[in-house]
Amino acid sequence: MSAGGEHLKDEGTRRQVVLAGGIAGLVSRFCVAPLDVVKIRLQLQIHSLSDPTSHQNIKGPVYKGTLPTIRSIVREEGITGLWKGNIPAELMYVCYGAIQFAAYRTTTQALSQLDPYRLPPPAESFVAGATAGGLATASTYPLDLLRTRFAAQGTERVYTSLYASVRDIAQNEGPKGFFRGCSAAVGQIVPYMGLFFATYESLRPVMSGLHDLPFGSGDAAAGVVASVLAKTGVFPLDLVRKRLQVQGPTRSKYVHRNIPEYQGVYNTMAMIVRTQGMRGLYRGLTVSLFKAAPASAVTMWTYEKSLHYLRELEVASE
């Protein structure tokens, strides 16, 4: 972490920020891939875990909790099942990280020039984070959709390769098929990244002096706290996004064969509440927090360290 808890907008050149963001996305995705697959499987599961009668006539596995789901995937699909969808996911995380941090830096720098009408620092961070998150999500959304569809595949493969999936969606669903659930994704990520960066920037100065933390840095701890608070608030929209991403001609071919037909964000939320109750909107929240906390910690720690290394490299080359 930069000395004194320096603001992210004041760190590095644009090129350094893009490279550090891409590296952070790459490392973060690899570390949390298994939890991401588990989260997606749980989010797509529609039957009640507390009502055994709802399991009747279910085609596909019945997952109960994070560890049992991991064991079930490994038993039925092998250890590689925990990394399904990793290629489009890695591409997405690299591009997302690069775009997000570059957009955040650019937006915060622009907002800082608004004197005498400048926003308070937390509001600046919220607006910049929301803008960066929305832009990065919209730009990389087709990869996000492909990641979800591959992770939702069971032992019977819906798509044989990344190329085959792109070709199939283009032929059978058209260009709009790559953006199913995009409105829910943007609606979720805008407040999420706004809250995340506002919380993170506020905690960085406080945690910069905590030298007893792992790796001697407070970046990871600040990322964990910010992520947990933000993720809990917007989780229902994340679940809706996943349900919408697997709509279309292949809806009944994924590991959960009984995924209902959903149309639109509002109608999807209403249908989930009507058939599964309010708890249905938070299915997979626990594993989502288990994933989001370390993912954010790894992302921010790797970003800060990569940026620090790139800055030192530039100084050494001068």
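Heads up, the Cβ atoms here are built off N, Cα and C, so glycines get one too.
Record note: among 12-28, 29-45, 12-28 is the stretch given as transmembrane segment by Swiss-Prot. Against the transmembrane segment (221-237), stretch 284-301 shows more Cβ pairs under 8 Å than any other of 12-28, 125-141, 181-197, 284-301. In this chain, the transmembrane segment (125-141) lies out of contact with the transmembrane segment (12-28); the count of Cβ pairs under 8 Å, excluding pairs fewer than 6 apart in sequence, is fewer than 3. For the transmembrane segment (125-141), the partner stretch with the highest count of Cβ pairs under 8 angstroms, out of 91-107, 181-197, 284-301, is 181-197.
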